Structure formats: C-alpha cells, structure tokens
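A.B. asks: Summarising the annotation, TrEMBL assigns domain 'Nodulin-like' to 13-149, 156-230. Under the heading transmembrane segment, TrEMBL lists 78-97, 109-131, 180-203, 209-228, 309-327, 333-355, 376-395, 401-422, 434-459, 479-500. For 304-502, the entry in TrEMBL reads domain 'NFD4 C-terminal'.
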Amino acid sequence: MANIVVKGGSRPPWVGLAAALWVEIAAGNAYNFPLYSPALKSVMGFNQQQLTMLGVANDIGENVGLLPGIACNKFPPWAILSVGVLACFLGYGVLWLAVSQTVNNLPYWLLWLALLIATNSNAWFGTAVLVTNMRNFPLSRGTVSGILKRLCWDLSCTMMYFIRPCTPASGDDSSEHAHFLFTQAAVILLAIYLLVTAIIITVVSLSDAVSYILVAIMVIFLISPLAIPVKMSIFPSGHLVLGEGETTSTDPLLTPSSSAAYLETSYENGDASDVEILLAMGEGAVKKKRRPKRGEDFRMHEALIKADFWLLWVVYFLGIGSGVTVLNNLAQIGAAFGLEDTTILLALFSFCNFAGRIGSGAVSEHFVRSRAIPRTVLMTCAHIIMSVAFVLFAFAIDGILYTATALLGICYGILYAVMVPTASELFGLRHFGVIYNCLLLGNPVGALLFSGILAGYIYDAEAARQGSSTCVGPDCFKVTFLALAGCCGLGSIMSIILTVRIWPVYEMLYSGGSYNLPRNLGH
C-alpha cells in the first residue's frame, strides 16, 4: 500500500465530506443521458437499438472502475480525481462537437468510445470520494453512502485538495450523529428545491433576474455542509482525534509498534517480499496466514470465491440492470405513453433515486445498530416493489406513469446505497475500492442485456410494425417490462437467501449497538 499522508484532527473529515458532495454533483452527469439522447438520435439519425447501445457505453463508463479501485490504494485522492477531470473534458468535448454539429459525420464507434470515456470520469470521481469518506467515517458507512451517492469538471479541480484521508474516530461520537443529520437535511432540501425548480422552469418562463436568484439559492444549499467545520473551528470540542495534535502519518491504523508488527502488517497486505515473509515466519514474527472471515478484510481474489459475494453481485445486477433499462429509455418510454416533454419525468426519477439512496442509508444504519438487521432486507423490499411497478408499466394502467417511475427511482436508489456499505461490512475496507467497483459491473452488464439487446430490439421491431422509426403505445416496452418484472422477482428470492446467510455476521458486527471495528481495519 502506498504511503498516503493522513490528516489528523476532528475537522478535516467534515471538510472532505462537504467537498465530496460537490464532486458527486459533477459525477452525476451520466444521469443526464436521457436528456440529450433524443438530440443524438435526431442529429445523428440513429435507430433505437443504436441509441440504447450508446446508453450501454454510458453505463459501462460510469461503472467500470477497477482501475480507480486499484489506484485508490496506491495514489492520493487528488491524483485519482485528476484522471476523472481529464476523462470528463475529453469525452464530453467530443460529444459536444457532434451534437452542436461543429464537426459533422463523426463515426458511431468514436461517439460510443467518447461517451464511455466521458462517463468513466464518474468512476474516478466516485471511487476517490466514496472510498476516502467511507474510511474517514467507518462507523457511519450507511449514512455516508446515502449522502454521497446521490456541474462541471472544474468543480473536481477545485475540491480535490480537500478530499484526503483522515484519522477516523475510534468510537461513537455524539456530535457526529447531529452533524450527519444536518448534512442529510441540507441535501434533502437541496433535492426538493431542485425538483420544484425544474418543474417551475418547465411550465413558466422566468426572467434572467429570477433565474440568477434561483441559482444563488442553490449555491447556498451546496455550501451549507461547510457550516460543520466552521462551527467546529469557532466552538472547538476541546479534543482532537489524534492525541498529539494534527501531526501527519502514513496509514495510522496500520502504524507499526515494532518490527514484528510491521512484518505482520506487510504480510497481510501482500507488500512484503517472499524472503521477508520466510524469515519472519521462521522467527515467529508472523504466523501462517489464514483465510479471512466475513467481516474482516478480504483481498479481491479471496472475495471472488465467497458465495456471499456472488449472491450480492447477482442481487445487485438483477435490480440495478432493470432500473438502468428504464433510465436509459426514459425519454422513449415517456413518448410511447404520449408525453411530449419528458424533463419532469426524468426529474422525478432522479429525485426519487436520491430519496431512495439517502433514505435507505439512514434507515439501514438505524436497524443495523438497533437490531443488527442486515441491510439487504431493504434490497429484498426494493426488488418486490420493482416487480409490481414493472407489471403496472407493462399493462399501461391509466395515470400510472409517474407513480411507477417514482417507485422505480426510489428502489433504484435503495439498491445502490445498500450495496455499498454491505460490501464494506462483509469484505472490509482495506481493498474496498476494487471490490466495490467489481460489484458495480452488474450495472453495465444489466444495461447491455436488458437495455441494449432486449429493450432496443423489441422497440425497433414494434416501431417497424407501426411503419415508423418512433414507436407509440404500450406495446413498445410491454414485453421488456414483463421480463424485467420476472428478473426482479428472481432478485427478491436471491436477496432473501443472502439475508439469511449474512444475518449471523451482522449480529457479530453490531452486537453492542454500534459497529465493532475489526482489528485489521485500515486505510
């Protein structure tokens, strides 16, 4: 593991969390694909299957983050964010040239690659801020996941200095709960404000002065989390996390107290040479390494042979793949149901996605601490609700479009926000970046199978039957929705099996009402 400088003290983690919120705003650009996909389709003359394959590129880029997952253990967060900035600028720059027709006749493969590179910036942004803040707040993983996994590339340039590893608290802090509540309230109010503003802008023409005022209010909401470190500076609690002031160290939770401890740590990390390991074993400094148990730190190859890992992957794949199919085709779904402008529909999905993420993070955190109930119970509930919503979509019940979209948005958010802390609790934080990004592969795989192949083919076939390039009516997606309902039904069964298997793990981890920090937890 690289020597990453760690900041001490009680304020830096909260500064980093506030900065991370801004970076995650930049990392949300992949969700804008339904907004500009109709423009791509009309300007470039694509059919629906070509468009959905661009949606697959969007999802592959957003979720294939094995490289940033590996890099987060070797390089500081600012370096990872810098790669994201470059990918964002280059990828979206090419897309802008195509849509604005500044450059004509760009080949399809180039646009596909550009979109993949553009959205891959999200993987670098998200990995840097999520892994860093999960490690900075290891006792509040669900809350952190819910807050974070919900502008432009220069935001990341500005914020990268503030996102850095910090020494986490070794026990529960009463003020931390209040700080998280304040942050959650600020983010919720921001989301509600943006949804209401999007609706107003759609139905009413606003003057420039009013628009500037609305933007100013948005900025106030965005900077409000900085009130926490400001308050901590003005009214210090009288103690710091480090006992000797804000000194820096390298990986403080792994700081060796002796050469034997160093050799043992290096052995567990895989950083020691074969000769060092043999000498250390001969001297009794380290013992023969055993396989980790659930709740301890796993390396990637150790997690891949665990049934719980693949159960979690399949549950996530079936649910998130179904949800992203709706998201990628939301503009066409709205048009098939008779909507001329799908902006409000996308705003509704995005808001409910946000509500599902932040709500499930807080709810799951409450129940794991109070009753040691696995977070995956919420994944089971989400799959069941999605099955019902897809059936309602398939039979085009009057007035169901907005309700079903809202339900899918909430469940989509729940699945992501629950997967993140569950993976960290089952397989540890040491190699969390790689394990987390491997689980994220369920999104692009689902997008390819359900959206790129299934939905795109059925839509084009129905459009051809209607004698048009645009399909209208419930039959455009009926078979797709029924297939997705079946997938979510299977996902609910798999989630129940996973929950039963890991229930004893949560009883062990949260037996005292709070997370029992493993001995080998580290940055």
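Including glycine, each Cβ sits where the backbone N, Cα and C put it.
Given the structure is predicted, the values throughout are model-derived calculations rather than measurements.
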A.B. asks: Which sequence positions outside the transmembrane segment (401-422), separated from its termini by at least 6 residues, show Cβ-Cβ distances below 8 Å to it?
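C.D. replies: Those are 130, 134, 141-142, 144-146, 149-150, 312, 316, 319-320, 323-324, 326-327, 330, 334, 337, 339, 345, 348-361, 364-365, 374-376, 378-379, 381-383, 385-386, 388-390, 392-393, 436, 439, 502, in sequence order.
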A.B. asks: Taking pairs 6 or more apart in sequence, does the count of Cβ pairs under 8 Å between the transmembrane segment (434-459) and the transmembrane segment (109-131) hit 3 or more?
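C.D. replies: Contact confirmed: at least 3 Cβ pairs fall under 8 Å.
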A.B. asks: If contact means at least 3 Cβ pairs within less than 8 Å, sequence distance 6 or more, would you call the transmembrane segment (209-228) and the transmembrane segment (309-327) in contact?
C.D. replies: no
A.B. asks: Compute the average pLDDT of the predicted model within the domain 'NFD4 C-terminal' (304-502).
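C.D. replies: A mean pLDDT of 91 is what the predicted model shows over the domain 'NFD4 C-terminal' (304-502).
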